[in-house]
Each structure stands twice: as C-alpha cells, then as structure tokens.
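Written below as structure tokens is the structure these notes are about.
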C-alpha cells in the first residue's frame, strides 16, 4: 500500500482546507502505523540495518572459541570458528578458524587468509597446527604447546578449509566434490564475502592472501582483485605464495634438474624426464611422463621429498604425501616438523583433531554430517580434481600490473616444488631486476645466512636456507621474519657491507 499526499497553497497561509488535510493525513498515518505498513527509516549508506547488526553480533558470539582442550596458559588472543554457507541449494559450507592478532593493538593489525593446497589438504591440520598457527600439538595427541613464532603475533590470521570436502568443510551434493581451479577460487571468494559480512569491522583492514599453493593463492587473488568494486569492500593489498607450482613446463624442467644436481636420479632418467615431461600437466601427466617419473622415484628411494635431508617417519604414510606421489602410483612418509624435531608430527594433529571434545570446542562437524575420521588431506578431492591451469604467469602479470604486493618463497631442500622450478618460472616473467640475488640475515649484525632473495619490479622472491616444502615447519624463525617483512613491504635484511669479508681477506682454512 502506498499513500501519496499532495497539497497546495502558499507557505504561511493556514486555511480550513490545509487544517482538514493535516487532520486527515495524521489519521491516515496513524492507521498505517497501526497496521504495520510504514517502512523503517533507511539506514545510512554502507551501514547494515540495526537488526542485521544484531544478527552479525550474535553469529560472531556463537562462533567464539573460549578455549581448546589441553590449551596452555597465557593465551590472550581471541579465537572464532564455525561454518560459512556458500551455497544454500547444494548445502555447501566451508569451515574456518580465526585467530585475532596477539599484539599490543590487534585492531590495527592486518588480516591474512591462509590456505593450504594439495589440492585437498587441510589449512587447519597443516597451516594452523604444524606451521604458523599459535599452537603445536603435543606428542600425546591430547594437549597443545605455544608456538613462539606464530604468525598471529603480527596479524589476524584466518584459516579456511577449502574446497568443500576438505575434512571439516562439506557439501550435501556429491557432485560438488568434483572440483577444479576456477570453481575453487570462486567458492573461496564467496566464503570471503560472507565472512566479511559476519565480521564487517575487518572490511577496511589491510587484507592479504597467503598459502602453500601456486594455484589457489594467485587465482583467488585475481578473483578478489577483479571484484574490487563490488560489495562488501575488501581492502586487498597483496599475496604471499609458498612452494607453489607456477608454470608446468618450467617447473617440470626445474624438478628434474634439482633431482639430478642433488644426486637423486641417474643421468639417463634426467635426460628422459627432460625429453618427455616438460609440457605435460602435473595433475594429469601423460603415460610417458608417468613412466619416467616412477623410475625417478624408485632411484630416489625412501626419502621425504618435501625435505630431502631429514629422516623419514617409520609410521604409515600420511595422506599429504599423495599430493606428490599418487599421480605416479606411489606413497611416501609424512611431512616433518622442527623444532622440536618430530618426523611423525602430522599424526599428532590427526589424533588431536579427531577428539570429539576438540571438534566441539572448534564448532566443527557440529551436526555430525562429516562421518569419516578427520585426516590431513582428502583423497576424494585430489582424485576427482578436474580443471587445472598449466600456466599461472598471466595471472601474476595481471596482479603485478595492478600494483599489488607479490612475494613468492620456497625452501632449498624441497624436491616437490624446488627452488630451481620456481626460479625458472619467475624468470619467464622477464621482470626487470631491482636488487640482484643477495644473502639475507635474521638481523644486520648476524653472521649466519638466513637465506637468499632477489627483488624484481613488482615481485620479491625469498628462499630461506635449509627449509623444505613447509617452510615454517623447518625454519620457523626465518619464516616469521619473512612474513613480517612482507607485511611491511620491506626487503629481507642484508648484512652491512663492511661486515662482509672478501675471499682474499678471509683466514686460510689450514
């Protein structure tokens, strides 16, 4: 019902007609109000109506995690966890675990989304529990230890289990488990939009996307950037890519080169691999490449490909290893963790996250819809993965052209996505070099090299010394420094020039 009132007459002239009209208007408005037909006042542009604000606050409070089983004392930061529905029709929802910044002024700290790749591996079980999260799982699988180098000491960290089908995240529609790169990026963007609607006070924070996936991170970054003018506003500033496949052709060459240079494969296998594998897909390799790859794995023996110079776990293989071996028909030991050194650390996380009281505290699997035991990676997602880009260089060019902060890093003991692969792929971008390859240190006065770096126009590459595929696992201090430098937009610290000795100035070895 709409009521339109028109009046005539000059201002300041009260007549019987206007008096009657006013009386009639008041009567009509009173009747409309009594019938509930009047609309509420329109809220200010950009501000949700009051009842929406109350709903947001209630959702936040419902997601608040007061504490976790076995949690140590001294935890001063807030935590939230729960589900964000991204498709009502299919019943598709992603799980998240959010940790507020453990800083003097968390309200001023940036927001960082962390994703693990695989595809199909858990950002909670790997990223949060083994790499950069505030806790480490004790060897008893029931209690937690504080992580001295937790990344939430510099930023608010949001871990998301994506896509649906990765452990706690789920869908009521089985076809949703057949994923691909583009669908993954769009689903995760939808998650972000809805998460920001639930936590609107983070909309204008500096926002970054980070993780261990050369596909998920740049592809999601591209979607976020292209939707920069849509609502809600996301203050997207840059991306941090770890150990990521970038260009299948260059990555494949770099892989066989590293295997050979480290004495892991024969001359014949290197030559065969360089002949038949470049140009094939990592996710869907040709039979010819698979045959050579299997020969290479047999020659390597029982090593951990994610960190080739550390001992392997003597327990059953972890699902995480299938990301590397499964396309070629072989399993291998699980990823490692330092410090303290524990080659079977992944099983501590598996035990802890399967405890019913832990899942209850995390607000995970509250309906019991996830019937299978929690595991670090989803074989279903990995085995059914479809569309996978073979070249991410055009995406990088677009993001660099947009002026976003772009950093890439990888460990030098990783044989899965080795330094040689990443450097070849980045070289293919043909970016001008701002600062040539140099050693960096944990502080300008440190004598021991922390790693190496090169700065291009629009992109920075960092290689922490002695790190494997999961850089924060093996070199947590270096990884944390790298993260802080990335957030500040500052290069890795170089040693003062006058502290560097030329070969002629060094003492003899005898």
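Yeah, the Cβs are placed from backbone N, Cα and C, and that goes for glycine too.
Residue annotated by Swiss-Prot as N-linked glycosylation site (from the set 172, 229): 172.
In this view, the densest Cβ surroundings among the binding-site residues 118, 466, 468 belong to 468, judged by other Cβ atoms lying within 10 Å. Within 10 Å of the Cβ of residue 365 (N-linked glycosylation site) there are 19 other Cβ atoms, across all protein chains.
Residue 289 (disulfide bond) and residue 468 (substrate binding site) are 25 Å apart (CA-CA, integer value). Note: the Cα of residue 213 (substrate binding site) and the Cα of residue 365 (N-linked glycosylation site) are spaced 25 Å from each other.
Residue 289 (disulfide bond) sits 20 Å from residue 118 (substrate binding site), taking the CA atoms of both as reference points. Taking the Cα atom of each, residue 466 (substrate binding site) and residue 414 (active site) are about 9 angstrom apart. Counting Cβ atoms from all protein chains shown, residue 414 (active site) has 25 others lying within 10 Å of its own Cβ.
Shown are the recorded positions 116, 172, 213; of these, the residue with the fewest other Cβ atoms within 10 Å is 172.
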